[in-house]
Amino acid sequence: MATSLRRPSFTSCSSPSNDTDDEGVRGTCEDASICKRFAVSIGYWHDPYIQHLVRLSKERKAPEINRGYFARVYGVDQLMKAFLRKTECNCQILNLGAGMDTTFWRLKDEDLLPSKYFEVDFPMIVTRKLHSIKLKPVLSKPILDLHSEDTLQIDGHMLDSKRYCIMGADLRDIPELEEKLKKCNMNTQLPTLLIAECVLVYMTPEQSANLLKWAANSFETAMFINYEQVNMDDRFGQIMIENLRRRQCDLAGVETCKSLESQKERLLSNGWETASAIDMMNLYSKLPRAEVSRIESLEFLDEMELLEQLMQHYCLCWATKGGGELGLKEITY
């Protein structure tokens, strides 16, 4: 293992395909990153890395937005760490549509890194993140310290090291995704956690079904975490859809977001053996009371109804396949 930051020799990887024209969807990555950065800046959760990837907005975010992001980050983290404990970190994580996510660095700090951590997103987003990683030692050093080889595979849309890989790919193009992951030594025999946060909803139901089927068929032991919209048939849901449309961002997969049942059924009908789902208001009610008291003291929320409305329209779903001997089916909220 490397013991000091060294300048590896870079070897060129295969050229990625041209970036797809998905400006609206890429814009949601920017919005989510800025919201997380703001919430971190006023103390909702600790993340020393996000400041190196995302600018701090001058515009103050509403308290219900900040609390919603806290519940999202806390909820995904709890399921992910349950998977890591069950597998004793002898696993891999595949973060689909990772954006400016900092999970790899935070897990390293907690000594909870899996055997390998993969991130996939649009090539344009990956290029931007790679630029920050290469420029900022606080991001590059943890990757290099874990990399025992003499060379790192890197180009404008991809970095592949021993424990961390980031690549540009279109999740709607399964053959391309699979080929790139194989080149980066994805191990289909290892228990694998796949994470998708507000990703599937931007695909057509057929495209997301293909991705879910591929994931279920590719790994003998796996878990899938999906965070996205739910209860989208009511008036509040329709307003959310209209607001996004005005920004040239269409929720192509919104029909699978009708209810918690439709969310679970999508997972079960595409090869997953178990499926669970919880709306974020219900999850918020299950958070440790000490944490809720802490975050609610950060900002005054004038109307609790706003928070309830918002969080009843997002959910956390998780599914498992195999892993009976590991107890994956026991993971719950």
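Glycine is treated like the rest: Cβ placed from N, Cα and C.
Some features that TrEMBL has for this protein:
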- 1-26: region 'Disordered' (REGION)
- 9-18: compositional bias 'Polar residues' (COMPBIAS)
- ARG72, GLY97, ASP170, LEU171, GLU197: S-adenosyl-L-methionine binding site (BINDING)
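Across the residues annotated as binding S-adenosyl-L-methionine (ARG72, GLY97, ASP170, LEU171, GLU197), the two Cα atoms farthest apart lie 24 Å from each other.
Taking Cβ-Cβ distances under 8 Å and a sequence separation of 6 or more, the neighbours of GLU197 (S-adenosyl-L-methionine binding site) in its chain are ALA32, ARG72, VAL76, GLY97, ASN226, TYR227, GLU228. The number of other Cβ atoms within 10 Å of the Cβ belonging to ASP170 (S-adenosyl-L-methionine binding site), over all protein chains shown, comes to 19. Spatially close to LEU171 (S-adenosyl-L-methionine binding site) yet at least six residues away along the chain are LEU96, GLY97, VAL120, LEU177, VAL199, MET203, GLN207, LEU211, judged by Cβ distances under 8 angstroms. Counting Cβ atoms from all protein chains shown, GLY97 (S-adenosyl-L-methionine binding site) has 21 others lying within 10 Å of its own Cβ.
Neighbour density for ARG72 (S-adenosyl-L-methionine binding site): within 10 A of its CB lie 22 other CB atoms from the protein chains shown.
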